[in-house]
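A.B. asks: Here it is, the structure in full.
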Amino acid sequence: MFLQFAVWKCLPHGILIASLLVVSWGQYDDDWQYEDCKLARGGPPATIVAIDEESRNGTILVDNMLIKGTAGGPDPTIELSLKDNVDYWVLLDPVKQMLFLNSTGRVLDRDPPMNIHSIVVQVQCVNKKVGTVIYHEVRIVVRDRNDNSPTFKHESYYATVNELTPVGTTIFTGFSGDNGATDIDDGPNGQIEYVIQYNPEDPTSNDTFEIPLMLTGNVVLRKRLNYEDKTRYYVIIQANDRAQNLNERRTTTTTLTVDVLDGDDLGPMFLPCVLVPNTRDCRPLTYQAAIPELRTPEELNPILVTPPIQAIDQDRNIQPPSDRPGILYSILVGTPEDYPRFFHMHPRTAELTLLEPVNRDFHQKFDLVIKAEQDNGHPLPAFASLHIEILDENNQSPYFTMPSYQGYILESAPVGATISESLNLTTPLRIVALDKDIEDTKDPELHLFLNDYTSVFTVTPTGITRYLTLLQPVDREEQQTYTFLITAFDGVQESEPVVVNIRVMDANDNTPTFPEISYDVYVYTDMSPGDSVIQLTAVDADEGSNGEISYEILVGGKGDFVINKTTGLVSIAPGVELIVGQTYALTVQASDNAPPAERRHSICTVYIEVLPPNNQSPPRFPQLMYSLEVSEAMRIGAILLNLQATDREGDPITYAIENGDPQRVFNLSETTGILSLGKALDRESTDRYILIVTASDGRPDGTSTATVNIVVTDVNDNAPVFDPYLPRNLSVVEEEANAFVGQVRATDPDAGINGQVHYSLGNFNNLFRITSNGSIYTAVKLNREARDHYELVVVATDGAVHPRHSTLTLYIKVLDIDDNSPVFTNSTYTVVVEENLPAGTSFLQIEAKDVDLGANVSYRIRSPEVKHLFALHPFTGELSLLRSLDYEAFPDQEASITFLVEAFDIYGTMPPGIATVTVIVKDMNDYPPVFSKRIYKGMVAPDAVKGTPITTVYAEDADPPGMPASRVRYRVDDVQFPYPASIFDVEEDSGRVVTRVNLNEEPTTIFKLVVVAFDDGEPVMSSSATVRILVLHPGEIPRFTQEEYRPPPVSELAARGTVVGVISAAAINQSIVYSIVAGNEEDKFGINNVTGVIYVNSPLDYETRTSYVLRVQADSLEVVLANLRVPSKSNTAKVYIEIQDENDHPPVFQKKFYIGGVSEDARMFASVLRVKATDRDTGNYSAMAYRLIIPPIKEGKEGFVVETYTGLIKTAMLFHNMRRSYFKFQVIATDDYGKGLSGKADVLVSVVNQLDMQVIVSNVPPTLVEKKIEDLTEILDRYVQEQIPGAKVVVESIGARRHGDAYSLEDYSKCDLTVYAIDPQTNRAIDRNELFKFLDGKLLDINKDFQPYYGEGGRILEIRTPEAVTSIKKRGESLGYTEGALLALAFIIILCCIPAILVVLVSYRQFKVRQAECTKTARIQSAMPAAKPAAPVPAAPAPPPPPPPPPPGAHLYEELGESAMHNLFLLYHFEQSRGNNSVPEDRSSHRDGMAFSSSTTESHEPAHVEGPLKESQPNPARTFSFVPDEDNLSTHNPLYMESIGQRSTNSDLQPRTDFEELLAPRTQVKSQSLRGPREKIQRVWNQSVSFPRRLMWKAPNRPETIDLVEWQITNQRAECESARCHPSQRGSSNVLLATEDAHESEKEGGHRDTLIVQQTEQLKSLSSGSSFSSSWSHFSFSTLPTISRAVELGSEPNVVTSPADCTLELSPPLRPRILNSLSSKRETPTCASDTEPKRNSFEIAPHPPSISAPLPHPPLPRPPIAFTTFPLPLSPPNPPPPQLVTFSLPISTPPTSSLPLPPPLSLPPPPRPPAPRLFPQPPSTSIPSTDSISAPAAKCTASATHARETTSTTQPPASNPQWGAEPHRHPKGILRHVKNLAELEKSVSNMYSHIEKNCPPADPSKLHTFCPAEKTGMKITHDQSQETLVRVVEGIDVQPHSQSTSL
């Protein structure tokens, strides 16, 4: 009932609400239709995009307009189009709503002339649903690209600068305004910077000038100029834009030509000037003069000075010439001091005059110093010496010191030899002539004359002692003596002559000569020995021994004849019998008796024939046939042949020519038989003669004959003769090359080559040529117009050695053709024509000539555009006007007409000649000047001074500007108003009206002045205007209180508006207006025209200008309002403003990069190099302080230091054995003595030694080289840099040249320059040999460049290796006995040390064994159930990674030692085993152990997990070992160790490998002996529990226990079954997950009871030197910190185990990941972990099933983790989420239950863990647990390396204090603060029992696992509010795992 009532009651309200909803929904539907065409984005309505200019066509402008609606498809809702699309730059894709650039056929250019900066279009959107239209604006901004280079307005620029211009002066401002470079780009791309570039053709230009302000381009002088060095510079100036990307900047260059003007910087220079080498200085000059004594001035003036005194100004080109200074001469000082009495020098001409006669008795000489200086007030004097000698009066005659002279000369003496005064010719003949007028010690300057033999002898012209010399050779044989007289003459007096007798000494210059060459002698058989045969006589013209002759028979005598050596008589030898018919030919030699070296000789032949004693034979010719050749040029009478016959009886013989000479050409002597030439021969008529000659002794039968055959040889006695019948007048056509002209022919009657004729041309060889047959051709094209005929000389020459020739002249006429165009007399005609001349006026006559013959020239105008203005007569060439010209009708500056005219040959074929005619229209002054006003007004003070401006008139002329008719000038009309014209004037050019005189007029007076303006046109036109000038009252003119104002200096950094000073003026009842009228051309200052405050108007620059002088003026307001000024003396003042320099320029180093070197043997503080920085500021702002910034150098050495104020860098360390090292650092220069701005430069210093050096040996002194070293080094740099760019030559030393043995000698006249070179690319010295090649190869060029610095003759002699290098090589060639002995001794010492080292090692090992014995008893008592055997060592472990640095706290292990740590824990174990009260009672005895625990805990407190850990939150882990309560041994099990080395997080990516390389091999061997059948279970039993230092969840109220006996039985059974694992298969089985086969179990069953012994062996092994074993290497000290930290970071308290037989290698760490659940499957691992990066290897040991889980934390929700209580299937589960690892095991796993975990706590961000983490399997229980999480076991592969970093951790929860611990157990010592310790131990024991029960056996062949790449998830819980566990000892000693294993 109630329900019906409620429904009916609410129904109306529901209907109302429904209605409202329907209405609103309908309204919403309508609004939705209007959404189309709106923008789907927020922001401004306009779409703005940017695009680069010159973008390619189709560039996307807008990729999506984001307009709502659909424009395409079958049902479009909107329609899009473009509006306002100017020039159609934009295209629209309406479907995609995209905009594109449309630049087809054009370029989008932002620059002129297009100037498209932006494009604006409207996108029109039409809503098709409702019809609305919306416009969307799209603005496209065109971005500028740097696509244009700067352009200079002019191709080149020009500037002049005086050489005296100071450095820093701006010398060129020609780039200001539009005169510089422009760039049409925008923004920085269009801004111009100017820089000076290096000009290779003028290398000094960029150093001489600079552009400090690159934006202005003003060129500033950087270095001082010297006109005498260089007169012109070519400066290359580069203009570049300022594009942001330096690589995109564009540049252009221009050349600025700077001419240096000569300035007055050099003074006069005396002439002649002999320069000092390598300088511009003249050598000291001394002028000479000599005057006779007692002569009057009239006789001597002007005094002759040698050379004439003359000085010139060294500045020879000062412009204008009128500015060149004159030279004034004067005598500065002199000796004797009374020289002014006698001499005077003209100041302008330097003429020296004598003032009064000089007496030589008082003054023998004058030494004066003369001065020449400029007359312009800038003297710059020059000095010279003047020596005046006073000559004695010539009243004495010269005389000779000897009355006569005897001389000797060798006849063989050469010309120029000196006559000797002794026979041995050793001393010259001295002829001394003196004059008593001259001192005996001075040259009297006499003239000596010879009266004879002047062509043979001469006397030297000067000197006191004269010598005779030979002018031509003498011959003693011709003349033996010469006698002549010598006279001396002094110009006035003559001496008495003396006789000189010269005797010519003989020389062996003649050879003994026989009269005949041969002699014929007959001897008879009846002659007896000793009889004379012939008397030979030779003649020698020499005298003495040179003329004595000795005779000797050389050959032919056969011993039958002898000769007398003295007389030359040939006689028959003794005992010789002559035989008829024998003949002899004796060779006889005649020799003189001169010395053997000079001896001469000749020979003759004596023919001897033996005859019978009576006459029995006729005469007989020597031969029957004679043949000879006779030249036809032989002279008449020449002897041709000797036809002498012999008659045995000696009868007289008669000779005759019997036949062959009818013309009697030859003569034969009848008596002698000599045949001679009787007449001249002519070969051309008779060329051979055969003569028959006879010889008769008078008897009838006494006649014999002989034949003479004479051949006449030719001589060149005939010249070639031209054929006279060939034509000699020839012709040839012009302009034809190789044209035949004609032919000549010549013959020669001579024979052979003498008759061969050769032709040549005597002239015009370049125009004609002639062939060997005489044909003549043209060599080039002839031009008749140049020359119409030629007279060609043809030369015919025969072929003789001395040829004869003849010539023939040919007349050649050149025939004309039409080959020339008419040529105007001028190529350009320029004529001035007045405007307005009438038509028909002739104004020019042009003329053209055609050089061709018969040409008829006609003229016409070629340019058709002027034919209506001008007419040209076709024949006369007269040019006239067709219409009048008007100057004003032409454009400005173009009142001229230029056109072409041509001249052509009417009958010719050549093109016409062309000329240019320029008609300049002259303006004829059409308009007069017109004033801007008719009446001007002005005001003036009554006392205005002369030149005071009053007002300015202005007139304009309408004539074209720039012409004389438009130039307006002004003058005063003095006719209308004469008095005003007398006191006022107008400036002719400016029109400014000024006062002509100083005024003194009455106030209020008004003057009228008529000013006339006139032009310079023709005729002159003018106009006039009136100026009314009012004289003001003095009180109306303001007066300044001061004439000069000097405000305080203004800082150059003063901002605009900074007040400089205040000026003030006063006037009666006047408002004053101030203004600056002069001195402010740069607009640097402004003035408040009311207050007079002067302020800074624009930036100042002290370096540009240091002061300003402003002229300010004060005027009354009335005057100003009248636009007038009234200047006067009182209303103007000067303001002197000084600019104060500020430190606004940083220092700039001369170089950006300095290169230097230092030798290895350099001493401390040796100078390296000097740096220098300059500053444009002044004062202290330019005073530098230098410092160095040097990178750290080993051992904390500084390396280098710099002198603070000099910039000299010095060494600050020694560089021994540091060759090839280098240092790079920076040098900082700070101005203001280190307090101001700074600049920096880089410095490179390379360490070298003499192995890098070369010595340059020069023949100049070291002092000269040292002075010029900078210039010389620059030259060497240039040549080295040709090979290695940027290289620097460094000078090591400059010294005297060293030479000799071992370079022990020094020569200071020569220099050794030791250098080396640094390569900036390698920063090291260039190889010595390479440096030698660079320099030696250019030695000639270097010497040429060194010449100006070395001087004449200076050069480099050689380039050699330093002496130290040579000595080092010598010392290194052999090894001395001392070195060998030292090496042998060192070898012996090493051999002796090896046994000692071995003894120490053995002793140390025995000591370790004894320490291990101490632990045996404890190990026996702590024996536990038998463990399974350990797995064998892997066959091939991977190489270990490099060890990281040891963790913090590791030093404790090193200090205590492993044995000490072990003993401490054993002692603690025994104390625990004594009972519950053992620890408290014996606390004192264990103080050491507690102290160790405390120190160890404290050492771990600083360790951190992620970044530095706060002191209040330390996180060291606690590791305890627990066993079940029922086990009496485990109940009192002590804490042994937890090997946790804290590591810094910065090394967490590198796993610990400490000691691995040293101990791994040894520990692997030992581990095999330690393995036993109980080892595996023993390790599992004794897995440690790790408590991290964090607040835990609450522990359960009571522990759950299991039956210990049942658990032990099960454990032992599993152990026996697992013994089947073969020892060699280490890692192939797991004690928790797999079982051994039966065979292996039986095989090792006997080892079950050997646990104690094995434990003892293990302890022994550990204590005897091996802290690690391969079986337990994963529990080693080096790996434990990583695992422990991983558990701290990544897990809640849990139990994690790792089987003892598994060798797990921890992978690099990963950041922990927190997951909520995990389902895992287990499989039997092969127990070798993979070492892939970012992987973890671990195993899960389940908790015993009987352990109760702790209660969950009530307030925190937690997602459950489901665990199954039944075995998991073999197939893998569903794919886990990322970062999870799934394990597939072939065997069933223990049942698990779902364990809800507590929610995660609020933890700090997890850091990168230092090592991988292992996570345990959660306990198999159905009760939720809060103290554990689960993680799958690791899949291990057999390829892993040493698993030293794999451990197991167990983290039990902390106990709640309210639960308490069991009463019968009280923790002792360090465990006293652990809560609920018994429950924890029991839980752990039950867990291990559960492990044994739930590990069924597995097939060994299937035992293979793989370590996954990712960790499974984990859940980390932490509660900040829980109390922390007490610190426990974190042990360092590595104990056997049977007692305690820690992570």
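The backbone N, Cα and C atoms fix where each Cβ goes, and this holds for glycine too.
What Swiss-Prot lists as compositional bias 'Pro residues' is 1431-1449, 1742-1760, 1769-1779, 1796-1821. According to Swiss-Prot, the compositional bias 'Basic and acidic residues' annotation covers 1480-1489, 1498-1509. Sequence annotations record features per position, and here Swiss-Prot assigns compositional bias 'Low complexity' to 1784-1795, 1822-1834. For 1846-1858, the entry in Swiss-Prot reads compositional bias 'Polar residues'. Taken from Swiss-Prot, the feature domain 'Cadherin 1' covers 45-152. Swiss-Prot lists 153-270 with the feature domain 'Cadherin 2', giving sequence analysis as the kind of evidence. The domain 'Cadherin 5' annotation in Swiss-Prot covers 515-621, and the record cites sequence analysis as its basis. What Swiss-Prot records for 825-931 is domain 'Cadherin 8', and it gives sequence analysis as the kind of evidence. Positions annotated as domain 'Cadherin 10' by Swiss-Prot: 1042-1149. Summarising the annotation, Swiss-Prot assigns transmembrane segment to 1382-1402.
Relative to the rest of the structure, where do these features sit?
C.D. replies: In the predicted model, residues of the domain 'Cadherin 1' (45-152) average a pLDDT of 91.
When Cβ-Cβ distances below 8 Å are used as the criterion, the transmembrane segment (1382-1402) is approached by no residue of the same chain that is at least six residues removed from its ends.
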A.B. asks: Could you give me three numbers for the domain 'Cadherin 10' (1042-1149), the DSSP helix, strand and coil residue counts?
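C.D. replies: Across the domain 'Cadherin 10' (1042-1149), the residues distribute as 5 helix, 45 strand, 58 coil.
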A.B. asks: In the domain 'Cadherin 5' (515-621), how many residues does DSSP assign to helix, to strand and to coil?
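C.D. replies: Computed counts for the domain 'Cadherin 5' (515-621) are 3 helix, 48 strand, 56 coil.
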A.B. asks: Can you tell me how the residues of the domain 'Cadherin 1' (45-152) break down into helix, strand and coil by DSSP?
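C.D. replies: Its residues fall into 3 helix, 47 strand, 58 coil.
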A.B. asks: Using DSSP, break the domain 'Cadherin 2' (153-270) down into helix, strand and coil residues and give each count.
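C.D. replies: Looking at the domain 'Cadherin 2' (153-270) with DSSP, the answer is 11 helix, 47 strand, 60 coil.
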A.B. asks: Looking only at the domain 'Cadherin 8' (825-931), what are its DSSP counts of helix, strand and coil residues?
C.D. replies: 6 helix, 47 strand, 54 coil
